[in-house]
C-alpha cells in the first residue's frame, strides 16, 4: 500500500499530457504547477475513477473472447437461465421431459468448467425418489375397482327361492315351494322362515293373477275390436278388470304349472271358450296338492 501511494503521489514523474487526465483528473487552470493540491482535494473521486476505467479498458468485450464465454452466473442471460430452472422444477415434481444431468465426460466450456452448474444436480436426484414413490400408491388405486365391484355385487339382488327377479323368464323358470326349515308342523317360525314363506306366497298369487288378467284383457279386446284411436279411448274408459285368485291349497301347484306362460294361456283360453272358469277347469284336471302339515324334504 505504501509503494502504491508513493507512486500515485508523485505526479511529477509522469509526463504531462499523456496519462495525467486518466490517473489524476484535470489540472486546475488557476494553479497548473500544483498537481499535489489537486490530488489531495479530489482524492476520493480520482481514486475510484482510474481503477474502473483501467479495468474497463483491460476487459474489452470486443477484444477478449474469454470474457464473453464466461460461465459466471452474473454474465448469463435470462434466456439461458430459464430452461435450466424449468428443468430442475420438472425434475423435482416427477418424471417428465426434463433434461438429464450432463455426463461427466461431456463438453465443457472455456476454463475447464461445465456450463451446467453442479449445484442443480442434487435437485434432479432429489426428484427421483418422488418418481419412484408414486407407483407405491398403485395398490391403493388398484383396490378401487375391486371395491366398486364389491359394491355392485352388494347392490345386486340376492337370488331367492321366490323367483322375484328383474327378467320375467328367469322368474317363471323357478319352482315355488314353502320353507322346509321347521322341524314339525306346530314348530314356531323364525323371522327368516316367515319372510321366505311370505315372498313365496306373493310370487304364486302374482303369477296366477297375471295370467288371469292377461286372459281377461284378451277377451275384452276381442269383444270390442277397436280400429281407431277414438274406439281405443272409448274402450279404455269402459274397461274394468277384476282378478280373483281362488286356488286355496293348490296355489303353488297352479303357479308352478304356469312356468311356461304360453302353454298356460292356451289351456286357460280353451277352458274359457268352453264357458268354464279358467281356475276351476285347471283345478279339476290336476291331483290334490300336498298338505302343509305333511313332513317336507330337508332344507337344501
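Each Cβ is built from the backbone N, Cα and C atoms, and glycine gets one as well.
Matching 219-231, 232-244 against Swiss-Prot, the residues noted as motif 'Nuclear export signal' span 232-244. Your range for motif 'Nuclear localization signal', going by Swiss-Prot and the list 155-158, 159-162, 163-166, is 163-166.
Taken as a whole, the region 'Interaction with gE' (174-267) shows an average pLDDT of 87 in this prediction. For the motif 'Nuclear export signal' (232-244), residue counts in helix, strand and coil come to 7 helix, 0 strand, 6 coil, using DSSP.
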